[in-house]
């Protein structure tokens, strides 16, 4: 049965296309469900049918969590100059504020978002207000990171996120007072729990978040479960997704994952909105199995890390190198600067003397001297491979 869990965690439709001749879908599906439930961690959170939601610690999920953990501990950003580090955080928060709103249907631009945040330009409409509010919520979180996630903290962040963006009938003292529906342009796509159940379900969520008594639930997984269950309960009329993403971010930072300050998960989610909602729906439709969403979300985190490290090399590595050159009182010529730019732009793992000669149209003697100087200044390292020397940008 494990083959149906890893690497692809199949839903019922997936299973249909893997049936052997003579196998019945309902029989095979029930066998798979039974196997998964035996392997699952049952969570103290109930679904609309009164059953506990659960997560299966599949091989794929455990490997992804371990990889995220490893990358977070290595945190390449902590070694940066303080000014560069501050700029990376601001850029990441700007992206998160923008893309978290785009996921919810806001129409504005990255350029306009930067204007509002960097120049303190007042939002002109509801969409811009959504983005600005998101940024304010992230700013609040960084300033109040010591506050445990609770109903009080939730309501503070929710009020920031939805400030001046709600319709009159959506403004309530706490949670929604009646039933609502989640719709796309064509139809109802989700009917959340009845309003009478919201308080009890949210209480159980806060209790779950406050306890660390199950070592099987890694903090990364706990953050994912929080995100899923929050949008499942759908405690507010509007702003549920944005609030869930903000609180997930807060929980990760509180648990030592400062790494998450430096990139935007919502950036990747916005590019895969269909998959995001499909993962939520799979978890809702198939016995409240949160594994579907956990696998999606951990992949989004890894994709975000990959994207931000790639972007970082192009956007910030040059700043880091030149900041170090200035700090150490070094001097490089135009040819050496051109080489650094080219290596960063095209993410070259190494260059040789022939590359330098062709790039700068110089003699072998000039190339050798320029490269030797870069090695002596410890900007590049030098490694003999066969009969050639490879020159490697040290911070790359």
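Including glycine, each Cβ sits where the backbone N, Cα and C put it.
Bear in mind that TrEMBL entries carry predicted annotations, made automatically and left uncurated.
According to TrEMBL, the domain 'Fido' annotation covers 149-299.
The active site feature in TrEMBL is assigned to 234. DSSP assigns residue 234 (active site) to coil, not to a helix or a strand.
For 238, 239, 240, 241, 242, 243, 244, 245, 276, 277, the entry in TrEMBL reads ATP binding site. Sequence-distant neighbours of residue 244 (ATP binding site): residues of the same chain at least 6 apart with a C-beta under 8 Å from its C-beta are 226, 227, 230, 231.
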Number of Cβ atoms other than its own within 10 Å, given for residue 242 (ATP binding site): 28
Inter-residue Cα distance where the pair is residue 234 (active site) and residue 276 (ATP binding site), in Å: 16
Residue 240 (ATP binding site) and residue 234 (active site), Cα-Cα, nearest whole angstrom: 6
Residue 240 (ATP binding site) in three-state DSSP notation: helix
ATP site span - longest C-alpha distance across 238, 239, 240, 241, 242, 243, 244, 245, 276, 277, in Å: 18
Spatial neighbours of residue 240 (ATP binding site) that are distant in sequence (at least 6 apart) but have CB under 8 A: 230, 231, 234
PLDDT averaged over the residues of the domain 'Fido' (149-299): 93
